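Asks: Below is the structure I would like to discuss, written out as structure tokens.
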Amino acid sequence: MAEMSLEEIKNGKVDLEKIPVDEVFKQLKCTRKGLTSGESEKRLQIFGPNKLEEKHENKFLKFLGFMWNPLSWVMESAAIMAIVLANGGGKPPDWQDFIGIVVLLIINSTISFIEENTAGNAAAALMANLAPQAKVLRDGKWQEVEAAVLVPGDVISIKLGDIVPADARLLEGDPLKIDQAALTGESLPVTRSPGDEVFSGSTCKQGEIDAVVIATGIHTFFGKAAHLVDSTNNVGHFQQVLTSIGNFCIISIGVGVVIEVVVMYAFQHREYRAGIDNLLVLLIGGIPIAMPTVLSVTMAIGSHRLSEQGAITKRMTAIEEMAGMDILCSDKTGTLTLNKLTVDKSLIEVFPERMDADHLILLAARASRVENQDAIDASIVNMLKDPKEARAGITEVHFLPFNPVEKRTAITYYDNNGDWHRASKGAPEQIIELCDLKGEVSKTAHKIIANFADRGLRSLAVAYQTIPDKNKDSAGSPWEFVGLLPLFDPPRHDSAETIRRALELGVSVKMITGDQLAIGIETGRRLGMGTNMYPSSALLTDNDESSMTIDELIEKADGFAGVFPEHKYEIVRRLQDRLHIVGMTGDGVNDAPALKKADIGIAVADATDAARSASDIVLTEPGLSVIVSAVLTSRAIFQRMKNYTIYAVSITIRIVFGFLLVALIWKFDFSPFMVLIIAILNDGTIMTISKDRVKPSPVPDSWKLNEIFATGIVLGAYMAIVTVLFFWLAEDTDFFSVSFNATFGVKSIRGNHEELTAALYLQVSIISQALIFVTRTRGWSISYSERPGILLVVAFFIAQLLATIIAVYAKWDFAGISGIGWGWAGVIWLFTVVTYIPLDVLKFLIRLVLTGHAWENHPDNQVRNAKKKPKKRKRGSNSETSLIMESRFNFFLFCRRVSRRRRATGRTSAKLNGRKRKESSPGLRKWKRSPPPPPRPICTGTATRCRRFLPAKDGGRFKMEGKQTKGDFGLLPCGNKRRKQG
């Protein structure tokens, strides 16, 4: 191979991972003696530091960015109009409106800035995960240096406990045990021999060796994952919806402004300053400037509640996206499983008849280290009731540690009687050869091993011999094959229940793992999440044998195995392209790209810094059970936000067209300052909706913009008509003074501009705030079952008490308002109550037209009813061990019933002289009729699977048969009726 320049090596022109180690030194122009300090400095300039650069944002520019959006532009335009254009007719600039608008903008931007600033940069945590120090051979001697100064060509030392500081090729020495779980998702430490590659960020679990660095920084396996994370920049669903709603409001205001300008100036020839004031009314009152602030506060409070449940929210908008999540992609190792090897005791195969499973485990534990254990030794010893049993009653003479040649461990010991023994455990093929198994026994062992492999279980064989010579160097008696232990990474205790609850909430769960396909299928079977899984190769090209495209395959699969970071990223991307809201859970560096790309990235407890930083939500409790609570909480938060958006759209329509009609029909000039007061009081009250009482949806929720806009237009138009009606009654008729003079002592205010302003202000203020009680619920707003939170009620009455006091007593010449007294205030409250009632009816009619139902049979009712149902213990469990135990227990009950019947046939009762006489004979103890049929097979099937335990022919042992069924209804193979899911 021709030599490449260092620049070409940096650009990946040569694959240093595959070529021989001697060729690596040749290409990197270095030797086994390492680099000199001068050469390392030159290479540092070429390859850059061995770290990931952190992005820095200007905080001030970020703060100003929150004032740069369509909603803010409208308010900023209104502020400019207030001091620049509103300067005529002998009046000064409208400074009070200008100050009020600026204050609202600053408050909104400040809250949004503080909340958004809590999200960290993913690349920063990925950088922190690099080893800070490294032992390197420089200038012919070993020295400790910062990992950041390592360059390709450096010779480094790796020993037990070290985090590998860069991608490297191992030199001469003994093999290493490397833990790559955080990088690849592999459960067990892998053995790396001289010449093999080790990745940056992995951990040395056993051994010591030198290595030559071949890649640093962004060019490492670790760095490429960081690059994927850092290059991902999604525009959230929340921002898109916020933009859509804002654009709708802006267009509505724009239509109103155009109509008002044309009519006022072209046809009515109104005064310039009066026209500007009317335009300010539409701009200030119509634009929902506080919408980002209200929604930010709602999500911030929701984020606090989630943190109390064990889910820390780094990006607030992830709450809204979690409410709509319909697919959850979960990593297996450390997320669905414990990332800790365990022996499945129910599947242990013992060969000698004189031994049982406990004896087999004890022999395996004796052949394990009790200190400095690897993962396999720990899993075996932990199966004992007390780890001390591994050496109890024996004296260790010699221990043979595991090595890649013999692939087994062995212990020589003698017991209290002075008898010598030897036990060994290791790779099945090695133990079978050691025991010289032949014939049927060998076939049986290989068949069991193959069955374990098909189910994704690792096999560990155990052998035993006696040593008559009582000498550790003695060959001993022939080895006896004791049995086989199945090893697996067990699911977390709450994973199966979490998946079941997620399915009930309409969230499909897919397993995305770097482990083998068989292991993924076995884990999926144990968790009840399905076994329709594919290898990562299925993601490369469309399957010619199947009519499904890759996108369809990904959508319908239960999971994928053998995947790398790029695959996980691609799976999430393709699901998003098919309009799914995708969540991704994980704990390792290999999960970081997909976590960042997903709509909701969820880092589980004990995740790496890389995974936590790339995620949107970080779990502080182990397992996934907190996710279900987080989903329900997110849906409740989402419901509050959706309620507010309907309210905001309604108010925009109501303000724009209500004041537009009043201004054009009666040429009435309402004060912009009073509209600003309405906005401030309304927004203060609406803030409390963040703690309102709501019911979460039982299915993934989403922004139904058509429903939001339709509801807002109808309710807003109705309130605008009510305002016009009120103004007509107050200005053109004596209806109020005639009808309520005796009761409230009201007088006519016809022609009194200042008092009409006060009356109109109070009517608009009350009905506008009262609207939130209509939009916050799907039922009757006055229903007790749909009652609002106490905080919202108190805030409403305080705000409206202030509004009423202003309308009753205020005498503000600059705002053109004069108090109307308590009589008129009472009449306006009564008028508002009467006109409030039809709002609920309109809400039901809108929903009936759009969805076909008004409020009955709504999913909310299903949630409420579901909460009242007592928890019923499912017959069986997703755990195979539990299934076996339950099946054996039921079989035991059957045998006990048979035994009782047999005893009953051996005795008869006869009443003799007032007492019972027992008669028995051996002949009566025999069956005189056929035995009763066996009990019905146990069914623990879900919507798609049925698992049964049937008696086998091998002495009452049980085997499991799984059958796949289709559809949502019908009978399961056991005859039970299928339950409708979700």
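Cβ coordinates are placed from backbone N, Cα and C, and glycine is handled just like the others.
Summarising the annotation, TrEMBL assigns domain 'Cation-transporting P-type ATPase N-terminal' to 15-87. Annotation source TrEMBL lists transmembrane segment at 63-86, 98-114, 245-267, 279-301, 644-666, 672-689, 709-730, 758-777, 789-810, 822-839. The region 'Disordered' feature in TrEMBL is assigned to 860-879, 904-982. TrEMBL lists 865-876 with the feature compositional bias 'Basic residues'. Residues or ranges marked as compositional bias 'Basic and acidic residues' by TrEMBL: 954-966.
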Asks: Using Cβ atoms and a strict cutoff of less than 8 Å, what residues sit near the transmembrane segment (672-689) while being 6 or more residues removed from its termini?
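Replies: For the transmembrane segment (672-689), the far contacts come to 82, 94, 96-97, 100-101, 104, 277, 280-281, 284-285, 289-290, 293-294, 297-298, 640, 643-644, 647, 651, 655, 659, 757, 761, 764-765, 768-769, 772, 776, 789, 791-792, 795-796, 798-800, 802-803, 806, 812, 814-815, 817.
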Asks: Taking contact to mean 3 or more CB pairs closer than 8 A (sequence separation of 6 or more), are the transmembrane segment (279-301) and the transmembrane segment (822-839) in contact?
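Replies: Contact between the transmembrane segment (279-301) and the transmembrane segment (822-839): absent.
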Asks: Which of 98-114, 245-267, 644-666, 758-777, 789-810 has the most Cβ pairs closer than 8 Å to the transmembrane segment (822-839)?
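Replies: Going through each listed stretch, the top one turns out to be 758-777.
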Asks: Could you give me three numbers for the domain 'Cation-transporting P-type ATPase N-terminal' (15-87), the DSSP helix, strand and coil residue counts?
Replies: 42 helix, 1 strand, 30 coil
Asks: Given a Cβ distance threshold of under 8 angstroms, which distant residues of the chain, six or more beyond its ends, lie next to the transmembrane segment (245-267)?
Replies: 69-71, 74, 274-275, 278-279, 282-283, 286-288, 291, 645, 648-649, 652-653, 656-657, 660, 663-664, 705, 708-709
Asks: As a test of reading the model: what is the averaged pLDDT for the domain 'Cation-transporting P-type ATPase N-terminal' (15-87)?
Replies: 82
Asks: Sort out the residues at least 6 away from either end of the transmembrane segment (758-777), same chain, that have Cβ-Cβ distances under 8 Å to it, and list them.
Replies: 640, 643-644, 646-647, 650-651, 654-655, 658, 662, 670, 674, 677-678, 681-682, 685-686, 689, 692, 694, 711, 715, 719, 722-723, 726-727, 730, 749, 783, 786, 788, 792, 796, 799-800, 803-804, 806-807, 810, 817-820, 824-825, 828-829, 831-832, 835-836, 839-840, 843
Asks: Quickly jot the same-chain residues contacting the transmembrane segment (644-666) by Cβ under 8 Å, restricted to those at least six beyond its ends, or write none.
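Replies: Residues 241, 245, 248-249, 252-253, 255-256, 259-260, 263-264, 268, 278, 281-282, 285-288, 291, 294-295, 298, 675, 682, 686, 689, 703, 708-709, 711-713, 715-717, 719-720, 723-724, 727, 731, 760, 764, 768, 771-772, 775-776 contact the transmembrane segment (644-666) from elsewhere in the chain.
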